[in-house]
Amino acid sequence: MRKTWDIPGGVHPPENKSQSLQQPLGEVGLPAELVLPLNQHIGAAAEPVVAVGDHVLAGQQIAAAIGLVSAPVHASTSGHIVAIEERPIPHPSGMQDLCIVLRPDGKDRWIELEPCENYTQLSHAALLEKIRAAGIAGMGGAGFPTAVKLNPRANYDIDTLIINGTECEPYITADDILMQTSPAEVIAGTRLLAYLLNQPKQVLIGIEDNKPDAIAALERAVAELNDDDCRIEICTFPTKYPSGGEKQLIQILTGREVPSGELPAAVGVISQNVGTAVAAWRAVRYGEPLLSRITTVVGTALATQRNVRVRLGTPIEHVLTQHGFDPQRCPRLVMGGPMMGFTLPSAQVPVIKTTNCILAPSREELPPPPPAQACIRCGLCAEACPASLLPQQLYWYARAEDYERLTAHSLTDCIECGACAYVCPSNIPLVQYYRAAKGTIRQMEIEKEKSDRSRQRFEFRKERVARAEAEKEAKREARKKAAAVAKKKLAAAQAGAQQDSRPSGKQQSGAQPHEGLAGDRQTGAQPDMVAAAMARVQEKQLAPQQQREKLQRAIASAESRLQKAQQRHVEASAEHQGKMQARVREAEVRLADARQKLAALDTATPAPAENADPVAAAIARAQAKMALSPTEKLQGNLTSLQKRLATAREKLAAAEAEGSDTAAALATGVAKLEEKIATVQTELNAAPAQVPGPAAATKTAATDAAAVAIEKAKTRAAAQADMSAEEKLQKQLDSLQHRLQKARLRLEQAEADNDAHIDALRSGVEKLEAKLAQTRAQLEDTASP
Amino acid sequence: MLEFFTQYPIAGAVIALGSLSLVFGAILGFAAIRFKVEGDPVVEQLDALLPQTQCGQCGYPGCRPYAQAIANGDAINKCPPGGQATINAIADLLDVEAPTLDAEHGEESEVKKVAYIREDECIGCTKCIQACPVDAILGAAKQMHTVIIDECTGCDLCVEPCPVDCIDMVPVAATVEHWKWDTPAASGAPAMELIATDKDPAPDTKPPSQSDRGEAA
């Protein structure tokens, strides 16, 4: 007897297994319709490979696996595909999903099967492919594709294969009956799986000790086999719910605990359900896909309670009617056991690969859950938890929707066995809370992932848009630059050659105005206009001389261009004739224009120059005169006088010689002139003495004194403005007193000198005294109030 | 040296403390440079909480700008796609009172929606493609466009620019894969805080389930 370990927690619900074991394994006949959901397993749904109306044979693949974690679906019998549509599926959500509906023809004809006598001749890959193609998924209830599970990652060292015949959930006896009826197949399947896993050190079949018949049958089969290559051990251990959980069974049989978030392969264990082992064996040995399974049909609402082999896709209603189902007595149908099963939305749903039990209990047998009451913190749930979690804490956090704390308290390790809810004296549906919280956490993770992706896409898009914008901007900039350069060039060229196309129309006569226009268009009307305007402005700014030069140059170039154009015009072929003509004409227009302008300039410029000249000369002379120093002026005067004198004398001499009567007048004029010259000469003589420097100095000094006086007056006025009336008067008084003193002094001096002004001075002093007295009175007036 | 310290204990203490502070100052200075946190971590955290629909209903051109605005003191209740859950999460992060959603910016939609282009009506104008903040619309000029449902955030921004009104916002169909159990309170289970005497005895039920199950066994 092998040593077994114990798991923490666990409960002992009433087993209720005997009802369904009273009768041998039965069969269920063909229903009118088989409904085969495309997703009967964990992973991606299969994809239909048949069309409505197709006839299929039993075992024919009707939906192919998509991706690695998926499983194909096969027709359970021969018949016609009547629909591929949404039908209610056995799922706690009660939702519909895509199903293939098959109407059996009743003949149950099979496809050609590919048996394999000796699987050891096949490679592992070929065997796994067979298992995969047979659509085998874990038949214990989870439905994980078996081929995937049997192909663990290379870094896992698998040393133990566990075949799970525990079946710990109440009521269910499907595995029990399988082990009882076909132990040889179970052993053969076990050997196949062991072979696939390269003969692990231990091959264990774990069975609870409440199935003595199954244990005996298997032990017999193992003994019969007597195989030294593969030592299969039948391990029995005390019944306790939930020993059949994968992680729990591993712990019981090997003492190893699967780490949180890891697969059993991490501790070197692969476990498979007995039903899966048999299905895999049949798939390899007989090439038989998974078309049926053993299901326990149990419950007091049924007349017959037994295990049946039922085709996948058979509506549960069909199974129930064959067992004397009384809908009146059964308030709800459960798929799976009473602990982990779920209520079916309707009896129309089909049996699928994971349907190990159909429970049709009466109201007495499985009453609706009583109303939940407040948690009394008894701690029974923590004692019952096989995963050593803290159900009470999880409950509080789940109610508070504190998902962070739930994760921190290892909610993900909860196997949803329902032991905590089972022991809860307050009937709190704890597992419901955990399931809901788990779902929310999963949803949040999906949303988080999606939002991260959205963020990435958004950031990327932003970057891309910015980049595109920058590129556009750069292009625009480059284009602008190029345009500016081109414009400059064009303007220069036009200022040089084209000048202005304004008179072109009038000038170049009405002869071919259209061609001229066309020519303009050819060069681009828009830039032309701009360039012309610029040229005009430049033209105005230019000095007439430069302009003339430019125009001359323009005429020269225009002439040469005209010549060239004419030459080309002659040479040009017929088709280019029009174009060339236009060009010639354009050149002609330009030339004429330039010529006309030059002429206009020639006639226009001299006139203003002449008009301007005398004025300018006069101004210049005046300026020159003003610039002269007084002496120079006098000198100039003198010379001009002397000139006049000379001419006057000449005239006088001529008059005297003629004996004219104007001679006397002339003589007086000469005398006057002579007199004037003499005065100017004296003045001139005096001027050098009065050295220009000192003269200027005195002048500036005088002006300076005046400026100072003005300054003083201004400051005084400003100061007075600032002062109050009283202060002003005081100031006035002071200054008057000062002036009086000065005047008295001067009077004394005058009296002493016996000056002529003595009277005037005296009256001035008297006046000042009077004013002083008046100011004093004013001051007193202003001060007194 | 030692003599100096024993002779002038105060001076020694001052020197010791001074050198210690220098050493620690150097360590702290180094750490400040070496472990410098780039950017504003609060903005990152806020951005992580926002739903990334990039819908602009908050008045900012995307979720990150809004996160930045919140960090700068803007109200936290301007995100209808995130709804109350997001507001609560942000309030939690910033340690402030959680306000209710500002109705001015829109209402929280109960069902998640995605854009759907009625493809025979699409004229291929690419306007929706330019409007989509997450590049979830596929198509080319004068070619029919379509929405990549998995990438669509349901932001609504493509609906308005469509000249032929061929874009609908359709609710995302619930699938079995995305289904989750309801919490007991939400699924209409009786109120929690019952006491034993409040129990409404079911018509023909014998007391608790355990003994019932025991009987059945």
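Any Cβ shown, glycine's included, is placed from N, Cα and C.
The [4Fe-4S] cluster 2 site recorded in TrEMBL includes B:Cys122, B:Cys125, B:Cys128, and the single candidate from B:Cys79, B:Cys155, B:Cys162 that the record places there is B:Cys162.
Take the [4Fe-4S] cluster 3 site that TrEMBL assigns to B:Cys152, B:Cys155, B:Cys158: the candidate from B:Cys63, B:Cys132 listed for it is B:Cys132.
When the alpha carbons of B:Cys58 ([4Fe-4S] cluster 1 binding site) and B:Cys132 ([4Fe-4S] cluster 3 binding site) are compared, the span between them is 17 angstrom. Using the Cβ center of B:Cys55, B:Cys58, B:Cys63, B:Cys79 for [4Fe-4S] cluster 1, the list of other same-chain residues with Cβ within 8 Å runs, in sequence order, B:Leu50, B:Pro51, B:Thr53, B:Gln54, B:Gly56, B:Gln57, B:Tyr60, B:Gly62, B:Tyr66, B:Lys78, B:Pro80, B:Pro81, B:Gly82.
Highest local Cβ density among the binding-site residues B:Cys79, B:Cys122, B:Cys125 belongs to B:Cys79, counted as other Cβ atoms within 10 Å over all protein chains shown. Ranked by Cα separation from B:Cys128 ([4Fe-4S] cluster 2 binding site), the binding-site residues B:Cys63, B:Cys152, B:Cys158 are led by B:Cys158. All protein chains included, B:Cys158 ([4Fe-4S] cluster 3 binding site) registers 23 other Cβ atoms within 10 Å of its own Cβ. Distances between the Cα of B:Cys125 ([4Fe-4S] cluster 2 binding site) and those of the binding-site residues B:Cys55, B:Cys152, B:Cys158 are shortest for B:Cys158.
Distance from the CA of B:Cys122 ([4Fe-4S] cluster 2 binding site) to the CA of B:Cys152 ([4Fe-4S] cluster 3 binding site) is 18 Å. Contact with chain A, taken as any Cβ pair under 8 Å, is found for the binding-site residues B:Cys63 out of B:Cys63, B:Cys79, B:Cys152, B:Cys155, B:Cys158.
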